[in-house]
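Colleague: Please find one structure pasted underneath; my questions will follow.
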Amino acid sequence: MFFDREKELSKLLKIIESEPSLITFIYGPINSGKTALIQEFIRKMPDHYVAFYINLRATPITKYEDFIDILFSIEFENPIKNLKEALSLVISAGKEILGIPIPNDFLKQILSENKPKNAFLYITKLLTEVKRRGKRPILILDELQVIGDLRINGPLIYEIFNFFIHLTKEAHLSHVFTITSDSLFMERIYSEAMLQGRADYFLVDDFDEKTALNFLKSQGLTEEEANLALEYFGGKPPYLIEAIKHREELEDYCKKALAMRTRQVYSFAYGKRRIIKLLTEFKNKEEVPFTGKVTRTLEEAVKANILFVDPLNGIIKPQGRLELLAIREALRMLT
């Protein structure tokens, strides 16, 4: 559900007004509304744009062939015979096409050769033709971290970054947006020397208090009910939606949600002094400084979806309000 992200939406629409020059990395805590924002962004784009949207989490990716399958995963009744047919499909698709259309024979060739360069050359050629037809192409990859460790004659992610740099900084052919909820992956990207001066970073955080209250009240909750939901769930959109669904037993639902999350945090931290020490930093604080060093302890807490690292703003914080409360409850049980 999309609600009141006009500021973020306006910024995204402003980005595509200018010539492509930077890769835009969209990041934020889990379930903060990144994908909902990008879908609304696509809907609000002017008609002369076309977005190629690829969700890398659509199916498991364990090897290069899986990545190629998702990249070019478009199902049509009849196989695509040539570039002209692929181009026709893009032009007639409207403002969004899920995946990149490719002639069947060429797809087989790309899969047999195991050379990402050939796949990227084809995409460049297709985007060039799309632009010649008066459309402005936009490439969007959701859940980019899924391929972070994939290798094909070396790490695939570096070849992808080089390709994105070519599309934006060098050829000015297409805007490129990537989306991730993995803050460790985001920290790795932010520290990557090859991306310095070639990338921009766009934080999509949970709703602030005012927006969350307005959302809850717009869905029929009273001031008292809205404040109760906010106390437990902060501005995490999916949690707020669930709170609305459980309005009839809202207080009981909130308490049960916190109890469950507390058990998860307790189980994660039990018997681990270094984890407990890290979590103790949030006993009286909602966020702490991030020095730039990712310790094994911090990595574990982030992978467990308990903490979120924001390398751009230099902070570490719980993934959301519920996690903050659960950390504090678990600490009372552990110490």
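Glycine too: its Cβ is placed from the backbone N, Cα and C atoms.
What Swiss-Prot records for this protein is below:
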type	residues	note
BINDING	Gly28, Pro29, Ile30, Asn31, Ser32, Gly33, Lys34, Thr35	ATP binding site
Colleague: Cβ atoms within 10 Å, counted per site: which of Asn31, Ser32, Thr35 has the most, among these binding-site residues?
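Modeller: Counting every other Cβ within 10 Å of each candidate, the maximum falls on Ser32.
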Colleague: Have a look at the binding-site residues (Ile30, Gly33) and report the one with the fewest Cβ neighbours inside 10 Å.
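Modeller: If we count Cβ atoms within 10 Å for the binding-site residues Ile30, Gly33, the smallest count is at Ile30.
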Colleague: If you draw a 10 Å sphere on the Cβ of Pro29 (ATP binding site), how many other Cβ atoms land inside?
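Modeller: Taking every protein chain into account, the count is 25.
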Colleague: Translate the DSSP assignment of Ser32 (ATP binding site) into the three-state scheme.
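Modeller: Assignment for Ser32 (ATP binding site) reads coil.
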Colleague: Might you list, by sequence position, any residue in that chain lying six or more from Lys34 (ATP binding site) with a Cβ less than 8 Å away from its Cβ?
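Modeller: Listed in sequence order: Ile26, Tyr27, Gly28, Ile179, Ser181, Val204.
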Colleague: Once Gly28, Pro29, Ile30, Asn31, Ser32, Gly33, Lys34, Thr35 are set aside, which residues in the chain still have Cβ within 8 Å of the Cβ centroid of the ATP site?
Modeller: Ser181, Val204, Asp206, Pro237
